[in-house]
Amino acid sequence: MDVSVIGSGYVGTTLAACLADLGHDVVAVDIDEDIVTRLNEGEAPIHEPGLQPLLDAYTGSRLRATTDYDAVPETDLTFVTVQTPSREDGSIDISAVEAACRDVGESIAEKDEYHLVVVKSTVIPGMTEEVLAPAIEAASGKTEGEGFGLAVNPEFQAQGSAVQDFMEPDKLVLGTDGDDRALDLLANCYEPLVVDWDPPVVETGRREAAMIKYANNVFLASKISLINELGNVCKEYGVDSYEVADAMGLDDRIGAAFLRSGAGWGGSCFPKDTAALMAAARERDYEPELLGQVVAVNDRQPLRMIELLERHVDPSGERIAVLGAAFKPGTDDTRGTRSRPAIEGLLERGATPVLYDPTEAAASLASEFDGVEVADSAADALEDASGAIVMTDWPEFSELDAAFDAMADPVVVDGRRIIARREGLMYEGLTW
Ligand SMILES: NC(=O)C1=CN([C@@H]2O[C@H](COP(=O)(O)OP(=O)(O)OC[C@H]3O[C@@H](n4cnc5c(N)ncnc54)[C@H](O)[C@@H]3O)[C@@H](O)[C@H]2O)C=CC1
Ligand SMILES: O=C(O)[C@H]1O[C@H](OP(=O)(O)OP(=O)(O)OC[C@H]2O[C@@H](n3ccc(=O)[nH]c3=O)[C@H](O)[C@@H]2O)[C@H](O)[C@@H](O)[C@@H]1O
């Protein structure tokens, strides 16, 4: 099939490369010329394991990039994968999706055949029908369901495992409201993957598809906040919450995944999707009290780390190592990182945070503040520091061992259970 993908960020680039791997001819459309140039040179614009080999294999053959929407009508279907950030009040900003849909609409105005538009960006239920469909209709002069179709097909990939998550998904969710042509095109597009991996395919309505995405993310965020709450209580009773979680996870009804307690959840989506769903609920006069507490527990975790540190050292005027800036290992993304509130807390107490991350994330996060130093290595960050907090579970942090001996005060608060206890080190696990 010929497929266009609008937006070449984390989701769009992975999708475009993976669809090429499934055998489709793919054109990636982005308004950012730099991204388009890099993609056409076969260079991944994002850090994602397994992506570069796909770009090496297909760039210039089954995969090309452009800034020009004229490529869209030549294709059978178009995935929209542009960003849906939070507004100041937490509600979703779908202006980029709307703009992309308008441009897709304009581009297909002269096309004679039916064209399918697939919303992959995360959007609140109802927005596809109420905002995006009219935008495409106005721009194309066509009627939805006749000249074009509009489906919702949310994405569940996680950063750092996006290629594998695409190729081996837990499920495919196809929201078409029973539009047979839309369903046929989507089914054809995914057919090679279904043949190869055989995931459950959920055929559903567009509102349901949109809600499934939010439900997934807020459930996972809630699961982490619940294990963090339990972990905080465990800590007070001298109980190892990881042993507790391991045993809990043996119950099939609970499941072992996402039970790692610690510094909390960050990233580009859990914070924004939780906020967007809460704002959407409030718009309909429903107060989502549990979700409010899920966020509150998450907000508290980095600050608890500093309180634990203060049990051993007064950070005022001291250099405190902050290990990890990325919101999780395997990425240089600092969106929603728990290191941000931890740094704020240290600065408020008059400390000098010395930040290290194996990626560009350290420089990028430090540039948001005055008074944060960036270290070249974890060992450099620890040298002469009067304490350390561990925010990201980068595997290299498990091998620091003797580097802790160079600290002025060897106190470490581990927010990710990655540091081994050792003689002479005052070790505090956040939830164990
Ligand atoms: N990042 C992730 O791992 C996941 C993200 N999502 C959702 O997918 C959507 C996209 O997220 P990301 O890929 O992280 O965003 P991103 O910010 O990495 O990428 C968005 C891309 O769209 C481009 N763009 C913006 N407006 C455009 C337009 N009118 N025409 C063409 N290109 C345009 C931007 O230049 C950018 O390259 C969001 O709704 C997000 O919630 C869903 C699952 C996973
Ligand atoms: O909508 C999205 O963007 C994506 O959001 C998450 O993916 P991602 O944000 O890339 O990362 P996760 O691996 O889910 O981790 C999120 C945060 O939770 C934290 N976490 C995760 C698991 C755990 O047990 N404990 C824990 O604190 C991580 O450290 C990280 O800060 C979801 O896992 C994806 O399914 C979803 O598609």
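Yeah, the Cβs are placed from backbone N, Cα and C, and that goes for glycine too.
As written in TrEMBL, here are the features:
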ACT_SITE  Cys269  active site, nucleophile
BINDING   Asp30, Thr84, Thr122, Lys272, Arg335  NAD(+) binding site
BINDING   Lys213, Phe258, Leu259, Arg260, Ser261, Gly262, Gly266, Lys328  substrate binding site
DOMAIN    321-421  domain 'UDP-glucose/GDP-mannose dehydrogenase C-terminal'
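Overlay of TrEMBL feature records on the structure.
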| residue | record | DSSP class |
| --- | --- | --- |
| Thr84 | NAD(+) binding site | coil |
| Thr122 | NAD(+) binding site | coil |
| Lys213 | substrate binding site | helix |
| Phe258 | substrate binding site | coil |
| Gly266 | substrate binding site | coil |
| Lys272 | NAD(+) binding site | helix |
| Lys328 | substrate binding site | coil |
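Proximity of the recorded positions (Arg260, Cys269, Lys272, Lys328) to ligand 2: a Cβ under 6 Å from the molecule is found for Arg260, Cys269, Lys328. In terms of Cα distance, none of the recorded positions chosen from Asp30, Thr84, Thr122, Cys269, Lys272 sits within 10 Å of Lys328 (substrate binding site). Among the recorded positions listed (Asp30, Thr84, Thr122, Arg260, Gly262, Cys269), Asp30, Thr84, Thr122, Cys269 have a CB atom closer than 6 Å to some atom of ligand 1, in sequence order. Within 10 Å of the C-beta of Ser261 (substrate binding site) we count 28 further C-beta atoms, all protein chains included. With Gly266 (substrate binding site) as the anchor, the candidate binding-site residues are Asp30, Thr84, Thr122, Lys272, Arg335, and the one with the nearest CA is Arg335. Here substrate is bound by Lys213, Phe258, Leu259, Arg260, Ser261, Gly262, Gly266, Lys328 per the record. The longest Cα to Cα distance in that group is 25 Å. For Lys213 (substrate binding site), the same-chain residues that are 6 or more apart in sequence and have a Cβ closer than 8 Å to its Cβ are Thr122, Pro154, Glu155, Phe156, Val173, Asp273. Asp30 (NAD(+) binding site) and Gly262 (substrate binding site) have their C-alpha atoms 37 Å apart, to the nearest angstrom.
Note: the Cα of Gly262 (substrate binding site) and the Cα of Arg335 (NAD(+) binding site) are spaced 18 Å from each other.
Using a 10 Å Cα-Cα cut-off from Leu259 (substrate binding site), none of the recorded positions among Thr84, Cys269, Lys272, Arg335 qualify. A straight line from the CA of Thr84 (NAD(+) binding site) to the CA of Cys269 (active site, nucleophile) spans 9 Å.
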